[in-house]
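**Q** Below are the features I grabbed from Swiss-Prot:
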DOMAIN    4-145  domain 'Flavodoxin-like'
BINDING   THR10, MET11, TYR12, GLY13, ASN14, SER15, ASN99, PHE100, CYS101  FMN binding site
Amino acid sequence: MAEIGIFVGTMYGNSLLVAEEAEAILTAQGHKATVFEDPELSDWLPYQDKYVLVVTSTTGQGDLPDSIVPLFQGIKDSLGFQPNLRYGVIALGDSSYVNFCNGGKQFDALLQEQSAQRVGEMLLIDASENPEPETESNPWVEQWGTLLS
């Protein structure tokens with residue numbers, strides 16, 4: 001089964017809740033999953049030839065939460081090319097804002113630029129439609145976990 005690093009960007013805890021639920025689901029499927037709540041580049045490096053799941057909200061004018069900015073900047077400034085990385089993204093946002101789910105979209109764009117391979121589609125969760133994000137993320141994670149080798 002797969003080894004998965006779950007990297008969290010959160011402001012109010014919803015992304016962490018989604019990540020912890022994902023960890024439980026993936027572990028139940030036989031995968032080895034680990035959540036990184038305040039992730040740094042050193043946490044990311046062991047997963048470059050494995051799987052990562054980025055779970056992040058969006059804050060301000062479409063920005064990443066402070067907790068995941070150091071990781072994002074570290075990847076952008078230090079890594080460059082990650083063709084062996086396979087990843088998924090769960091993005092939380094509110095569609096009443098112009099930059100809906102932009103935190104997750106930024107992460108996806110960065111990893112695409114670095115030739116990482118996204119597994120499945122990115123999940124966009126709208127807080128204005130679904131105040132309990134795990135009800136939308138849990139089925140997605142169950143499906144995503146079946147795509148990993």
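Quick reminder: no glycine exception, Cβ is built from N, Cα and C everywhere.
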**Q** So of THR10, ASN14, ASN99, CYS101, which of the binding-site residues has the fewest other Cβ atoms within 10 Å around its own Cβ?
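**A** Among the binding-site residues THR10, ASN14, ASN99, CYS101, the sparsest Cβ neighbourhood within 10 Å belongs to ASN99.
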**Q** With DSSP, how much of the domain 'Flavodoxin-like' (4-145) is helix, how much strand and how much coil, in residues?
**A** 56 helix, 33 strand, 53 coil
**Q** Report, as a single number, how many Cβ atoms besides its own are within 10 Å of the Cβ of TYR12 (FMN binding site).
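**A** I get 12 for this one.
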**Q** Listed FMN-binding residues THR10, MET11, TYR12, GLY13, ASN14, SER15, ASN99, PHE100, CYS101 - what's their greatest C-alpha to C-alpha distance in Å?
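**A** Those residues reach a largest Cα separation of 20 Å.
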**Q** Averaged over the domain 'Flavodoxin-like' (4-145), what pLDDT does the predicted model reach?
**A** 97
